[in-house]
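K.L.:
Have a look at this one.
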Amino acid sequence: MKLVIDDACYAYREIFDHFGEITAISGSDINANSVKDADVLIIRSRTKVNQELLSGSQVKFIGSTVVGLDHIDQNYLKTKGTQFFSAQSCNSMAVAEFVISTIVNLVDELNFDYQKKTLGIIGVGNVGTKLAEKAKLMGIKTLLNDPPRQIRENLDNFVDLNTALSADIVTFHTPLTVNGEHPSYQLLNENNFHHITNKTILFNAARGGVIKETIWKKHKTLANIIDCWEDEPNINPSLQNTAYLATPHIAGHSVDAKFMGSFMVYEALCTFLGKKQDKNIRNLINLSELSIDKSNLKDTLNEIYDFQQDANAIKDVNNFEDYRRNYPIRYEWHHFKSKTVLPIA
């Protein structure tokens with residue numbers, strides 16, 4: 001069996017080697033010639049999966065080790081009869097930790113009490129749910145907006161989009177969709193940006209394109225935190241230069257998230273092939289407990305991981321892709337023992 005794998009997939013040799021012959025290629029370099037003889041294709045977000053890539057191939061299984069789906073033509077895969085799996089939820093804890101860590105750092109920067117602020121969470125799926133749980137532990141009031149989920153589950157504790165946009169802190173965690181009853185493409189745009197004021201802290205840790213950047217750069221906010229960009233890796237210099245934190249789409253890049261992305265695809269491939277799983281694969285991320293000797297939450301979180309280093313790394317925007325590919329080691333909070341109680345939910 002021949003496997004073509006994006007070489008940025010975590011521990012791909014250790015996890016997938018026993019399935020067959022591996023060809024590892026940079027995701028942006030995977031093309032029709034690369035996959036024409038492959039049986040399995042395992043990717044991240046930089047490979048466009050469509051008819052152009054696959055029309056001359058024999059690929060039977062495609063696994064994506066990331067959450068985003070806007071680079072996948074799922075309708076074409078269905079017509080071709082190609083099995084597809086995406087590692088949904090693999091990075092949800094990492095993104096929630098990114099948002100909470102940034103809010104805690106902003107407390108000192110802007111001198112506010114987060115327990116007196118409202119947090120508007122737009123998109124309450126895997127990430128939004130975990131973020132809401134952490135916010136509750138910290139005493140932050142949340143305003144939850146997710147029309148598809150609200151309708152599907154008949155939830156009465158959700159709010160409309162304009163109410164969520166009026167929160168003190170607004171953060172987006174939707175997928176990027178352009179069709180359907182509730183498309184998220186340019187969800188925040190010239191028609192509703194007036195709800196965002198010069199007292200709003202605004203996050204995009206969802207997908208580039210959820211916020212219309214040509215409008216965003218014209219509006220004054222209290223602080224912008226931007227991890228996802230419309231035209232990655234060509235990020236908007238005006239927004240980058242005025243942001244409190246501008247990072248290269250790494251909110252979900254914890255070691256745990258990258259491992260789970262690969263592991264979830266491994267599980268799906270085992271199921272597809274009818275193979276028994278190797279229980280030792282899970283041991284690739286087993287760690288001894290790590291200790292931190294800090295006396296407050298901000299210092300503890302920054303000792304675990306200081307996201308400002310990510311912003312500093314892409315002051316030269318040409319470093320965007322290289323930095324993502326060679327991202328520093330970052331473990332999630334549950335690995336750490338600390339004097340300070342961490343909002344682990």
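Just so it is clear, glycine is given a Cβ too, placed from its N, Cα and C backbone atoms.
Features from Swiss-Prot:
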type	residues	note
ACT_SITE	ARG207	active site
ACT_SITE	GLU232	active site
ACT_SITE	HIS249	active site, proton donor
BINDING	SER45	substrate binding site
BINDING	ASP146, THR174, ASP227, GLY252	NAD(+) binding site
K.L.:
Counting other Cβ atoms within 10 Å of each residue's Cβ, which of the recorded positions ASP146, ASP227, GLU232 comes out lowest?
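P.N.:
Minimum Cβ neighbour count within 10 Å, taken over the recorded positions ASP146, ASP227, GLU232, occurs at GLU232.
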K.L.:
Comparing the active-site residues ARG207, HIS249, which residue's C-beta has the most other C-beta atoms within 10 angstroms in this structure?
P.N.:
ARG207
K.L.:
Given the recorded positions SER45, ASP146, ASP227, HIS249, GLY252, tell me which ones have a C-alpha lying within 10 Å of the C-alpha of ARG207 (active site).
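P.N.:
Those near ARG207 (active site) - Cα within 10 Å - are ASP227, HIS249, in sequence order.
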K.L.:
Near HIS249 (active site, proton donor), which of the recorded positions SER45, ASP146, THR174, GLU232 can be found within 10 Å, Cα to Cα?
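P.N.:
Cα within 10 Å of HIS249 (active site, proton donor): GLU232.
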K.L.:
Can you tell me whether DSSP puts ASP227 (NAD(+) binding site) in helix, strand or coil?
P.N.:
coil
K.L.:
Under a criterion of Cβ-Cβ distance under 8 Å and sequence separation of at least 6, what residues of the same chain contact the residue listed as 'substrate binding site'?
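P.N.:
Within the chain, the residue listed as 'substrate binding site' has Cβ neighbours under 8 Å at GLY27, SER64, VAL66, GLY68, HIS71.
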K.L.:
When you tally the Cβ atoms that lie within 10 Å of each candidate's Cβ, which of the binding-site residues (THR174, GLY252) has the highest tally?
P.N.:
GLY252
K.L.:
What's the CA-CA gap between GLY252 (NAD(+) binding site) and GLU232 (active site) in angstrom, rounded?
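P.N.:
Here the two Cα atoms are 16 Å apart.
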